[in-house]
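Noted in Swiss-Prot for the protein shown:
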TRANSMEM  10-30  transmembrane segment
TRANSMEM  42-62  transmembrane segment
TRANSMEM  82-102  transmembrane segment
TRANSMEM  109-129  transmembrane segment
TRANSMEM  139-159  transmembrane segment
TRANSMEM  163-183  transmembrane segment
TRANSMEM  201-221  transmembrane segment
TRANSMEM  224-244  transmembrane segment
TRANSMEM  257-277  transmembrane segment
TRANSMEM  288-308  transmembrane segment
Amino acid sequence: MRIKATVERLPGGMMLVPLLLGALCHTLWPQAGSTLGSFSNGLISGTVPILAVWFFCMGATIQLRASGRVLRRSGSLVLTKIAVAWLVAVVCAPLLPIGGIPSGPLTGLSVLALVAAMDMTNGGLYAALMQQYGSSEDAGAVVLMSLESGPLISMLILGASGLATFEPQLFVGAVLPLLLGFALGNLDAQLRQFFAQATQTLVPFFGFALGNTLDLSTIVHTGASGVLLGVAVIVITGLPLLLADRWLGGGDGTAGVAASSTAGAAVATPALIAGMAPQFAPAAPAATALVASAVIVTSVLVPLLTALQAGRSRQRIG
């Protein structure tokens, strides 16, 4: 049976399919973890420890050595995306309930969902698109994008916009696994290669654990909102990223469009933030479902828009 190939036909399928299976498990048997206990409970409820290992392994993949051009390109994209997410948080904070919109076409939409969907780029998708449409420097920009992994950037944005206050030790705790992995990966190339293999392996496991925090009714109710959020991510972050790539990064805008996606790992952000800032707990389930939808929408649309932008750039040069 070609289960893996079938699952991967869906954009982000290795994370989203286990997430849906987890949501199905939680809907049909909410007490499964506590009833089964032991290792089964660890798989069902172990979102944080599984993600901690994943962040460590992601940190190990970040190489310290990078050319000035690569740092310039990646820095302009990463900083622009973070700045846009912060601006969206500042503008929307007075307009949206902290627990999310309760009903209507924007059901579940909250500042937490917006920040989580906008501040983290799908690095794998970006690298693949740049290998096809960009240069080696463009593809190398994924180096700094790995720093967006985890809740740290979202914590900084929510804190800077006045929506939450986090104790200093929480920032340290959020980034420490990434830094430890980063240190080991740069001290020993063999360790970097060893830990890098686990980054893909762990994805379905944290997807399943995350799904076990959701009810299928939440996913159904936020379906339309999730599609709109995915489109909003591309529109709101895409144009600034395109301009930043041209004016700051020295590119033709193609890399900027390719970076206007939502990372699969962003699905974990609402639950992690809610664990540290309880005021976001009511918004977290809907935000998780919304971000999952945004991952699918951006994974489908961003490659198409990147191809169009690359074609326009070639015509302009020609």
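Every residue, even glycine, has its Cβ placed from backbone N, Cα and C.
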Legend entry - Chain residues in Cβ proximity to the transmembrane segment (82-102) (below 8 Å; excluding those fewer than six residues from its ends, i.e. six or more beyond): 108-115, 118-119, 148, 153, 156-158, 160-163, 225, 236-237, 240-241, 279-280, 282-283, 286-287
Inset, instruction - With Cβ distances under 8 Å as the criterion, find the stretch in 42-62, 201-221, 288-308 that has the most pairs with the transmembrane segment (139-159). - result: 42-62
Legend entry - Stretch among 42-62, 109-129, 163-183, 257-277 sharing the most Cβ pairs under 8 Å with the transmembrane segment (201-221): 42-62
Inset, instruction - Using a Cβ distance cut-off of under 8 Å, indicate which of 42-62, 109-129, 163-183, 224-244, 257-277 has the most pairs with the transmembrane segment (10-30). - result: 257-277
Legend entry - Cβ contacts under 8 Å made by the transmembrane segment (288-308) with residues that lie 6+ beyond its boundaries: 10-12, 15-16, 19, 108-109, 113, 116-117, 122, 125, 129, 133, 210, 213-214, 218-219, 222-223, 225-227, 229-231, 233-234, 238, 254, 257-258, 260-264, 266-271
Inset, instruction - Determine which recorded stretch among 163-183, 224-244, 257-277 has the most C-beta pairs below 8 angstroms with the transmembrane segment (42-62). - result: 163-183
Legend entry - Chain residues outside the transmembrane segment (224-244) and at least six past its termini with a C-beta under 8 angstroms from it: 76-77, 79-81, 83-85, 88, 101, 105-109, 113-114, 117-118, 253, 256-257, 259-262, 289-298, 301-302, 305, 309
